[in-house]
Amino acid sequence: MFSLVDLTFFGLIGVFLYFLYDVVKNRKRTSLIRKIVFLSFLVYLCAVWHFTIGEINIPPQREFAHIDVQFIPFFFVWDWYQMYKHGGTDWFFWNSVKLTFFNVLLLFPFGVYLPLLRKHITFKRGIVFCFLASLTIESLQLALSATGLMMPRTFDVDDLMVNTFGGAAGFCFSALVCRAAGKKSAFETKGCSR
């Protein structure tokens with residue numbers, strides 16, 4: 001017998017407690033807007049945890065312990081082709097397309113937050129941060145799957161590429177908003193925050 005424990009709830013409680021502590025401790029050092037942006041970033045990280053890791057098996061289940069790795073770049077395109085070839089545009093095809101789109105969306109907010117939270121960040125560094133965030137997610141899924149702490153997930157190179165693309169798109173979006181707001185471009189300077 002085992003239990004599924006959703007750590008997202010505990011993460012959100014931690015975010016709330018951190019916010020209370022920060023408001024009391026740093027009342028005058030940082031602006032309220034900056035605190036709210038950081039708080040929303042922490043809530044976003046809890047949501048990423050929820051969607052990518054989900055619940056943890058307590059105790060770990062050996063029958064779930066599994067390592068699955070997909071190292072072929074752009075395999076999702078081949079996957080789409082095979083699904084289209086065998087079933088046309090049925091539910092399985094559109095579900096695969098939807099999952100790829102959701103992988104793009106997963107780190108889009110991360111890319112938006114980067115120039116808001118880091119004063120000196122270039123586009124190249126932003127892409128590196130997005131890639132490292134995606135690599136952390138994939139590695140954590142692999143480690144937790146291998147130990148039986150979560151249902152089996154695949155370490156997928158396509159997820160690394162698509163997540164990084166989504167984060168880069170979010171960074172570009174943030175740069176465009178900064179430019180429209182009258183600030184210098186996040187590409188030319190070092191981000192959007194002051």
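Along the chain as shown, the residues are counted starting at 1.
Placement of Cβ uses the backbone N, Cα and C atoms for every residue, glycine included.
Any TrEMBL annotation is an automated prediction that lacks curation.
The domain 'VanZ-like' feature in TrEMBL is assigned to 41-174. Under the heading transmembrane segment, TrEMBL lists 6-24, 36-53, 91-114, 126-148, 160-181.
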Contact check, the transmembrane segment (126-148) vs the transmembrane segment (6-24), 3+ Cβ pairs under 8 Å, seq sep 6+: no
Maximum Cβ pairs under 8 Å to the transmembrane segment (36-53) - stretch from the list 6-24, 91-114, 160-181: 6-24
Same-chain residue ranges lying at least 6 outside the transmembrane segment (160-181) that approach it to Cβ under 8 Å: 73-74, 76, 100, 103-116, 123, 126-127, 129-131, 133-135, 137-138, 187, 192
Counts by DSSP class (helix H/G/I, strand E/B, coil) across the domain 'VanZ-like' (41-174): 98 helix, 10 strand, 26 coil
